[in-house]
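**Student:** Take this structure, written in structure tokens, and hold onto it; I'll ask about it next.
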């Protein structure tokens, strides 16, 4: 009887958990991440296929995405702050999925009738199609940014009841889901596109987004209903945000001078609205700057200016050093495991050492592992050449960092290669081994540090301006990521990759130094700092 009672208790507990807000958020987040990663992988392949195996459209798309979030991040966050949580989540979800769906339909038509479309309007209809695809994909990314800010930076804070331990657990679980989907989602859609066609791949993404839209809408609606705190936002006067105070002062000034402006001003209404939007952006950046956790957030953003990650830049360099695609795929799997270990390390360290000290330990671990990458620059087999002219490669002096796209096997959001061509093997593999050993092991400290700063932002930002500050933080991340692409464009040859590694480590060191300064400030003035935090942020227990 005791066993049956225990079994019934376990079944009841499991059913309660499956119907609870945490599980619903996890499933909704997994569906959203899976769709996002499939789409980001596929759109890069589609754009290359559309433009004749040329990277121009992909480069333009990356620039548009980074630039739009950089310019509109504060406005997106402000919109999240000013509207009810359910409306923000539903609107972001709807815009994101519908944009991807319409974009997929356009791509299917372009791939199916490409020759016919190229003959209309002397080829200008093709340009229109390219523009529509890029604009829709960018709108989807902006909506995805808003949804991420709303759910992962606000909803889960409320769902955990402002409990630091529960919040750390949810953050770590969401990151683990992200790590797993980061491997499986691009691989799944890549196989479909390889075995079938781009049109079938578009159709699969279209169907996925429609199903995901319905499921996520239902799950998020249920979470909103069963967590009453989500329907309550802080009283305007009690937790008034920095932006709201600025708006009130400006509103009172405008009321006093409105009649005067109507008489002497002929400026169109749209220009007044544009000025208001620019003012909101400026005030958002000021709100970000005045946060106690500003240095920690800025330090995390600096970590985005790096070539030491598993993107097409690093894998392209590995290809020039004789590393095959099959080996790269294995290394990526090991890298994902290291990222998962980072989430486990975060939860263990936070319980044992506290949140701020967890960031310090993670920073040191990250920097120590990256020393292997620095050693790789000067190790045997490194093609490092400090002159910007470089040595000619065996394939020719004008050989680019990435080879011809016809030899590419697409998988897992990176460019992998089936077989490295003969003649590209270096004299020694010591350098490339040290490089990837450093990149993989560094991910343990990197993800632990990322989770630390994420939770610091969640805990210390006032609830009424949580959206705008995280929106500006997203803008900073995109800005620093944009710098890393500018670095690559400035020094694209494999023999210059060592210079990029050194610059990347300098940016990462600067970012961690900012965090150390933040941690020092917290430890030197704990009482006054905590009083400041208590005055501006939601009550954590």
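Here the Cβ of each residue, glycine as well, is placed from N, Cα and C on the backbone.
Keep in mind that this is a model prediction, so the values were computed, not measured.
TrEMBL feature annotations, pasted as is:
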{"type": "TRANSMEM", "residues": "23-49", "note": "transmembrane segment"}
{"type": "TRANSMEM", "residues": "55-76", "note": "transmembrane segment"}
{"type": "TRANSMEM", "residues": "88-111", "note": "transmembrane segment"}
{"type": "TRANSMEM", "residues": "123-143", "note": "transmembrane segment"}
{"type": "TRANSMEM", "residues": "180-199", "note": "transmembrane segment"}
{"type": "TRANSMEM", "residues": "205-224", "note": "transmembrane segment"}
{"type": "TRANSMEM", "residues": "293-319", "note": "transmembrane segment"}
{"type": "TRANSMEM", "residues": "325-347", "note": "transmembrane segment"}
{"type": "TRANSMEM", "residues": "359-379", "note": "transmembrane segment"}
{"type": "TRANSMEM", "residues": "428-446", "note": "transmembrane segment"}
{"type": "TRANSMEM", "residues": "467-491", "note": "transmembrane segment"}
{"type": "TRANSMEM", "residues": "497-518", "note": "transmembrane segment"}
**Student:** List, by number or range, the same-chain residues at least 6 past the transmembrane segment (467-491) whose CB is under 8 A from its CB atoms?
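**Tutor:** Result: 62-63, 65-67, 69-81, 145, 148-150, 153-154, 241, 243, 284-285, 287-288, 291, 297-298, 300-307, 313, 388, 401, 457, 461, 497, 499-500, 503-504, 507.
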**Student:** Can you tell me which recorded stretch out of 123-143, 180-199, 325-347, 428-446 has the most Cβ pairs within less than 8 Å of the transmembrane segment (23-49)?
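**Tutor:** Going through each listed stretch, the top one turns out to be 180-199.
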**Student:** Do at least three C-beta pairs under 8 angstroms join the transmembrane segment (325-347) to the transmembrane segment (497-518), pairs 6 or more apart in sequence?
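**Tutor:** They are not in contact.
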**Student:** Please check if the transmembrane segment (293-319) comes into contact with the transmembrane segment (123-143), where contact means 3 or more CB pairs closer than 8 Å and the residues in each pair are separated by 6 or more positions.
**Tutor:** no
**Student:** Report, as numbers and ranges, which residues of the same chain sit near the transmembrane segment (428-446): CB under 8 Å and 6 or more residues beyond its ends.
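**Tutor:** Long-range Cβ neighbours of the transmembrane segment (428-446): 303, 308-310, 314, 318, 321-323, 331, 334-335, 338-339, 341-342, 345, 362-377, 379-382, 501.
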